[in-house]
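As structure tokens, the structure follows; a few thoughts come after it.
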Ligand code: AMP
């Protein structure tokens, strides 16, 4: 092989081309090329200065398509300064451009005798101009973009010696202002072949979303999103103005609003297309066209509804989706049962209901007389019919019957009647010619007697009563007897007695004294019973006197005195229990769990959070849960923040016979009201109930002197959101997961205690010098009043919209599951290094987008598992969100298997909700104790562990993951005296 480094480079480049994969290059649709050297098959005509520097050569790519490349390899000579400048590249509408370089670079060690002269980098530069300056070229005007080095100079592939690797590097430049620019490549003595140069910018490409089209949009160079209004596609209407945001990465985000296809049109491949013949759509919306229902048709495309076939109809209120129907056939099997001058008619449903269920029946009554000579209408002679008299009674009625029976009364005795029974449905009135009925003809019999109306009481005693009555006004024949029915009024006819009497009087015996009775009488003739009389009430006489025998009086006396004694005893017990309860309320917080606990059923043995508001005197709650400190033990050093009630300072606390510790001191500013003092101290009453390494620890309170203070452990790195923003992209994945695990563990503890935080957000997490995160900012309603992120909702109260679960926003359903939603947002904040959730979208847009199912996209480089966890936390159905215990165990698995963090989430694909089901065996175990320690970079922690014989992270995590955190907490005070704002970072 030729030893000249330059020819070696070229040969190797060609060899490399041969092993490249052979498929055509497809650029992402959101990248617009401004320059692609591979696309040019003739000379590129770039300027090379001096001429013995960069040289343009021809090669072939993997498809044997000629390409133009540049190379330089003056590695043997000192002081190289070889420039290669592209042609003028018009900027078009781009603000930020990307330069993608593919190149090979020789490793100096592989070239003999070049020590001292050979370099392994080259420089990329640019110059903005408003016009093409031709061959005019001035080095000093170019601005350096970056020094480009190879990722790897060589692969391991054995090809006699070694083979060069094709490197790809991308650099961003912007914002661009002038009309165009040049790129330049400055070589200072390397052996490099520039295989291809591609210059592009990103845009959000034309797209149709929710039936609205969005034009090609070039993003802004700054961090902000561009809001773009969409226009409804043809044959659609806006339901709500469609909008989307174009991100700096050329991605469309947060589709809001939508368009709906007009009636007669349906959505097909992002367009509104006419319904096919035989189909229809009557409303605006994105549902599909429906097939014409039975007995209807549509011959044309784009039908709004289908017409009915012949003899089929649609009633006024019938929906377009309903089949066309017709009137029912006649009722069947009519049976009449004649009872004197009334008749019961019964029939069956029609055989054909016409396709409807709204069937009713109408009975028409006709009185028919025989005409002509035969004289017997019922025996087949001609009948002349006329409508019945209006006093004929129908029970329940004559029209609109839902049941298949009717009783017709008050007919004339010995008379012919014809009843026509018609079944009707909702379309009967539309087709009068199609109506059918069934008819039945009857002849009535003798009429029954009319009711007895006059009843008299003749004689009453304690056990009997004598009654008499008048014969009915219309006996309609000879009265055979009377039926007398009576019963105790109290018993309401549940048991009664029936007697029969031939005459118009009766004596009822065996009655109870002093009792009210009801009685009814009806007469019977050969035609049957007449109707009953109205109820007649009578009372028997009372017993003569109230007498108690000697034995009975004793029983009564005993009963009365027992009752008095029981009442007295009850009153006494009530007073005693009342006192005991009041006493215990203020003494034993655990016994108050029935009053609160957020509806959770708590297990015995697990401590439960006690709401300080349940104390009549809140200062009693403070002293129950917080230690009173003497102000002389506290030294205030400096102000570190501002709270709602006053300043937050750092300082030191030195308790007798204890080591001095660093503390944060929250003060209550002067001039406070009683309520402010109560609310201020409520936070201490809550915090004082918690004891967990990931919950901010309360040291005590000062309430007996002024200023009133709350003293907590000191968190050197302040709140998590600003801490992350300050250290953008500076942590390893494992460090971030470690922080998240701490927050989840603190939240698990709070939810086990029955405490719902309601304002979990990165700004309410504090970070100490060992990167341990602790949940803080406890309070009651005031938590939200205090939070600048909280906004008023339509229902009143203030809520930090971006962090809050939809059900908590909509109807204030705050639970540990809504805390889990907020945890998902914190997870997103952490992985995006303190980015504001939903960026600058308005709260209203956030509520709407979340409601429509939109979820935040994965932050840059976010591991897929963590993004899946976020999506799990943002399940709409709150019971499907992971419990904090599950979150802790998922994060523990990640810590044990840091390899899993390398798979990053793809912005475009939204994974299904699988993370909770995933078995740990799917995640390859790669972690070692050293990795974990290096990840955490907590020296004291590492040292603390080195004394213990844990061999791997797995063993450690299985033994007790909590101990990792606990150990860090244990070492915190030792590092405390040296704290400086920057200390936390230097130890990272
Ligand atoms: P807060 O009223 O709890 O929201 O606190 C206001 C600010 O004071 C926070 O954003 C922190 O920057 C700071 N701060 C509060 N508590 C502590 C603490 N324990 N250690 C260090 N800084 C704190």
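Just so you know, glycine gets a Cβ as well, placed from its N, Cα and C.
Nobody curates TrEMBL annotations by hand; they come from automatic prediction.
Remember, predicted model here, so these are calculated numbers, not experimental data.
TrEMBL names 640, 641, 642, 643, 644, 645, 646, 647, 648 for binding ATP. Of 627, 666, 675, the residue it gives for the same site is 666.
Here TrEMBL gives transmembrane segment for one range in the set 555-577, 578-600, 601-623, 693-715: that range is 555-577. Cβ atoms within 8 Å of the centroid of the Cβ atoms of 640, 641, 642, 643, 644, 645, 646, 647, 648, 666 (the ATP site) belong to the same-chain residues 649, 667, site residues excluded. Of the recorded residues, residue 646 (ATP binding site) and residue 108 (disulfide bond) place their C-alpha atoms 64 Å from one another. With a CB cut-off of under 6 A applied against ligand 1, the recorded positions 108, 191, 640, 646, 648, 759 are reduced to 640, 648. Set side by side, the disulfide-bonded residues 108, 118 differ in how many other CB atoms lie within 10 angstroms of their CB, and the most is found at 118. A distance of 53 Å separates the Cα atom of residue 118 (disulfide bond) from that of residue 640 (ATP binding site). Sparsest Cβ environment among the disulfide-bonded residues 73, 191 (other Cβ atoms counted within 10 Å): 73.
Sorting the recorded positions 644, 759 by the number of other Cβ atoms within 10 Å puts 759 first.
Fewest other C-beta atoms within 10 angstroms, among the binding-site residues 640, 642, 648, are seen around 642.
In space, 759 is the closest of the recorded positions 73, 191, 759 to residue 644 (ATP binding site), judged by Cα positions.
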